[in-house]
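These notes concern the structure reproduced below.
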Amino acid sequence: MLTITTILEVMSTSANLPEAEHSGLLKFLSAAFYAVSSFLIIVVNKTILTNYRFPSYMFLGIGQMATTIIILYAAKMNQTVHFQDFDRSIFIKIFPLPLLYVGNHITGLAGTKKLSLPMFTVLRKFTILMTMIMEARILKKKIPNRLIYSVLAIVFGALVAASSDLAFDAEGYTFILLNDVFTAASGVYTKKKLGTESLGKYGILFYNAFIIFIPTLLASAFTGDLHKAITYEHWLNTPFVSCFLMSCIMGFVLMYSIVLCSHYNSALTTTVVGAIKNVAVAYIGMFLGGDYLFSWTNFLGLNICFLFSSVYQGDLCIPT
């Protein structure tokens, strides 16, 4: 807890700078922090859901929400971080982020379980296109043509890679495409809500998890998902429990890194950083997990995505 709260304190101080004073270094470091966090949690979640065959991705999400609530509440009580106390105005200020938060969590974990890591990362590229469209419509942001062309090329690469999927899973594809929508909307609305001074990035993180925790727990119990998780046979298995706890902590770290990256950069840049990171996940997934079927078309598509994601990354240090 000491390490996490120390990080929160340091990053809180730097994040209080006016947006115009955010340096290129802070933009890059926040993006790198998000990329590393996202990479680690995907690998850990894949290990839990595929290798250990944990039956409940919803319960894993609940564990991540609970960890976020505990860490931020403890940090607030310790006065390491500050955000608005709960009142009825919170619901208006934060809506629709809690719905997008739980949708993003559940569909992402479900897709991780259903698809191989490379196909998971390929289909996640459509988030970039959706984010670009939402930024233009909701945030009224003008996207430079060179970035539009890069995004379209990334999506083309994803289509090439997906066209050769030898292990097509309709349910898995549906979960990931829904996850793309939730991720894009969450990124854009997070950027918009960061302007709410009384809420702030810590308030967004805390109340996202706090508001949706009980409804998600009830949904898990009603569907029988909670019973499957509780009766899982490996709760006394130390490696599994270690992975589960790591996933819970990384769930908080990931959400924090997304908000931080969105604070320093545009929502679209945050999404493209995720796409660049996903290429590393895809390559590792060819060897980790045992559920990837290699084809040259898929491999070509992955490399097209990587190439044009790298072309875009020059935008990381451009003021947004």
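Every residue gets a Cβ built from N, Cα and C, even glycine.
In TrEMBL, annotation is done automatically, which means it is predicted and not curated.
Listed in TrEMBL:
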- 29-290: domain 'Sugar phosphate transporter' (DOMAIN)
- 25-44: transmembrane segment (TRANSMEM)
- 56-75: transmembrane segment (TRANSMEM)
- 146-166: transmembrane segment (TRANSMEM)
- 172-190: transmembrane segment (TRANSMEM)
- 202-223: transmembrane segment (TRANSMEM)
- 235-260: transmembrane segment (TRANSMEM)
- 267-287: transmembrane segment (TRANSMEM)
- 293-312: transmembrane segment (TRANSMEM)
Of 56-75, 172-190, 235-260, whichever stretch has the most CB pairs under 8 A to the transmembrane segment (202-223): 56-75
Cβ contacts under 8 Å made by the transmembrane segment (172-190) with residues that lie 6+ beyond its boundaries: 96-97, 100-101, 103-104, 107-108, 110-111, 114-115, 119-120, 123-124, 126-127, 130-131, 133-135, 138-139, 204, 258-259, 262, 267, 270-271
